[in-house]
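First comes the structure, then the notes that go with it.
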């Protein structure tokens, strides 16, 4: 008999993973600037490696931020507080190489092409996209968070791994770690069980592999994963190399923007390629991806589709998106053309419209930079609101 089961895998990483350190540092700097200058233009990139961090990018602002202080505070919060962890917030070197935003880019953002020859100074009309590009947003009704199950559980496990380190439950854990979850789907595309869980966690030198494996199951996996999803066939790989003492930036260099699939949908939906962290909301890589998630989530919550992927695309210096595309993968209750028309009517997808609609000039970005930008249960971001459901239902009647 033909077995129609399907497996799908996603991963997440802890806040102490080198690439995630870089994301959090970039977004901590962004927040520190936006706190005093909501209209700042920020493109902040971070590189971390043994004993040092390099902060580079383009920033135009009217405020002053003590960048080394922000970097050290962020590294301290993550947990790299002792030299023997391979990275120490107090003794690390911090290099900065910051320029202003290019005036060639600024003129297109400050005054969109459509309004350059007109006298409109209204910000929503005047602001152009900070770059060309394509962005995707996705939602599915397979979990209460409207996220695919594999990435949702991966984030929950990674967060739990960090929590038991920070609260002292497993005080031999160190900040670096990764999680991977493989979900089995039935022939109707419903998730039915967890096939495989992989956990790799940095640890102190004096703890045995057997203790780590036992403790991770007892304190991380079983309290996090619903018991009906685990059975005797579920496979667990916990620190499968046998040892993970050297970690963090000492083990691997980290870069801002190198975990874009972790940040979004775990590979379950398409990705336009642009990262989020370190970018102010005039950068549509970030703001339009948030808007696309907002649109997709409200469409699914309205019962208009079981799955929905939204693509937006922009031209640099132009306010209106050059295209809006919606794919419901055959689950739509109305046509995709109807959905596009409803979206055009009820969502302002110009850059300044998105910023206003989602209140994106707030200093909220550091908390997005670990454990996912979407479907979070510990914090409600503006793009996760379900306040367009009734409008969408009415629009397609």
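Even glycines carry a Cβ here, placed using N, Cα and C.
Every protein chain shown contributes to the tally, and the Cβ of residue 17 (ATP binding site) ends up with 28 other Cβ atoms within 10 Å. In the three-state DSSP reading, residue 17 (ATP binding site) counts as coil. Summarising the annotation, Swiss-Prot assigns ATP binding site to 17, 176, 177, 178, 243, 244, 252, 258, 259, 279 and lists sequence analysis as the type of evidence.
Per Swiss-Prot, Mg(2+) binding site is recorded for 19, and the stated evidence type is sequence analysis. All protein chains considered, the CB of residue 19 (Mg(2+) binding site) has 22 other CB atoms within 10 Å.
Long-range C-beta contacts of residue 45 (K(+) binding site), restricted to its own chain and to partners at least six residues apart, with a cutoff below 8 Å, comprise 22, 26, 55, 56, 57, 255, 256, 257, 278. Secondary structure from DSSP puts residue 45 (K(+) binding site) in a beta strand. Residues annotated as K(+) binding site in Swiss-Prot, with sequence analysis given as evidence: 45.
Shown in sequence order, 41, 42, 43, 98, 99, 100, 101, 102 are the residues of the chain, 6+ apart in sequence, with a C-beta less than 8 angstroms from the C-beta of residue 58 (L-methionine binding site). Residues or ranges marked as L-methionine binding site by Swiss-Prot: 58, 101, 252, 283.
Under the heading region 'Flexible loop', Swiss-Prot lists 101-111.
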Lowest local Cβ density among 243, 259, 283, which the record lists as binding-site residues, within 10 Å: 243
Of 177, 252, 259, i.e. the binding-site residues, those within 10 Å of residue 19 (Mg(2+) binding site) when Cα atoms are compared: 252, 259
Around the Cβ of residue 252 (ATP binding site), the count of other Cβ atoms that are within 10 Å: 16
Packing count at residue 101 (L-methionine binding site) (other Cβ atoms within 10 Å of its Cβ): 20
DSSP-derived class (H/G/I helix, E/B strand, else coil) of residue 177 (ATP binding site): strand
Rounded to the nearest Å - Cα separation of residue 259 (ATP binding site) and residue 283 (L-methionine binding site): 18
